[in-house]
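Taken verbatim from TrEMBL:
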ACT_SITE  Cys106  active site, proton donor
BINDING   Pro19, Met20, Ala21, Gln76, Lys146, His174, Gly234, Arg235  FMN binding site
DOMAIN    17-327  domain 'DUS-like FMN-binding'
Amino acid sequence: MSNNFWKKINKRPFFVLAPMADVTDMPFRQIIAKYGKPDVFWTEFVACDGLCSVGQEKLVKNLLQFSEKERPIIAQLFGSKPENFEKSARLIKKLGYDGIDINMGCPQKNILKQGAGAELIKSPELAKEIIRATKKGAGGLPVSVKTRIGYNKNEIETWIPAILEEEPAVLTIHGRTKKEMSKVSAHWDIVKDVVEIRDRMKSKTLIIGNGDVVSAEDGLKKAKESGVDGIMIGRGIFGNPWLFSEKNPSIKQKLKVALEHTKLFEKIFGETKENKKVFGGRARNFALMKKHYKAYINGFDGAKELRMKLMEADSTKEVEEIISKKIKSLEK
């Protein structure tokens, strides 16, 4: 039985939220769902090996919680052992996710050392085996892949057909090689070539383009030029949960949402009874909120000073005092 929600998304291009470690967590996804929902959400990536170990409960609580308002939502997995992908896929299905994505593009050294992420570009046979194993465990959930255009150079003529032969529901292509990281602009001309390979193979896999998309408008332009079915936005969402709705919030609105986001982070990851039981305290360090303050608080008089105060704060209470004071001064 297949329950492929992708078939119900008729809009072209559709827009999806990129998986970003320590960024697209449950609180931030809920804020985005409220102020500018994309067509599909992705979780942060989760280690298959961890999900198949004694640390499973902590990982699920920390990385795989989600709410109904975040649907459709896809859990992203990384690893290099097909058997662990199969087991993890079964768990993801049981947790009620709408789909499973395999990370074959992460360029971080600690991930590459495990033979995971972009390292799989070097091992197409293993990559294919992983897709098959994930599908086996997924029980009809759509399985997708996120990757890059190559490892050290453009390898799409060999790498992309290898993936497409396994018929993933979706292939997200980041327009850079592993070697390029984010040092050069994304090659959208090569993303276009990937679409042409898909068409040439008469594959039904949907192609999502990713890399340097700063706004919904920019995404529409890149989709038109490249022919992709969907657009994935990552860094453009920082401090801008309105991105997919194309609204332009006032300073006051931005401040209010920064505070709302902080309170939600505390409610989900703070020292709750349940978190104490699982983690022995907080689920996540409060400092993780600070990268968001850098993004929310800019582009107005006094932003730098306010940002500095928030970067020094180490509790929700302090943040609330600082932001409330600023909002009051704006109302004068």
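The backbone N, Cα and C atoms fix where each Cβ goes, glycine too.
Automated prediction, rather than curation, is the source of TrEMBL annotations.
A 10 Å cutoff on Cβ-Cβ distances gives Ala21 (FMN binding site) a total of 14 other Cβ atoms nearby, all chains included. Each of the binding-site residues Lys146, His174, Arg235 was scored by the other Cβ atoms within 10 Å of its Cβ; the lowest score goes to Arg235. Here the C-alpha separation of Pro19 (FMN binding site) and the residue listed as 'active site, proton donor' works out to 11 Å.
Comparing the residue listed as 'active site, proton donor' with Gln76 (FMN binding site), their Cα atoms are 12 Å apart once rounded. Proximity of Gly234 (FMN binding site) to non-local residues of its own chain (separation of 6 or more, Cβ distance below 8 Å) is seen for Leu17, Ala18, Met20, Asn210, Val213, given in sequence order. The recorded positions in question are Met20, Cys106, and the one with the fewest Cβ neighbours inside 10 Å is Met20. Around Gln76 (FMN binding site), taking its Cβ as the centre, 24 other Cβ atoms fall within 10 Å, counting all chains. In the three-state DSSP classification, Lys146 (FMN binding site) falls within a strand.
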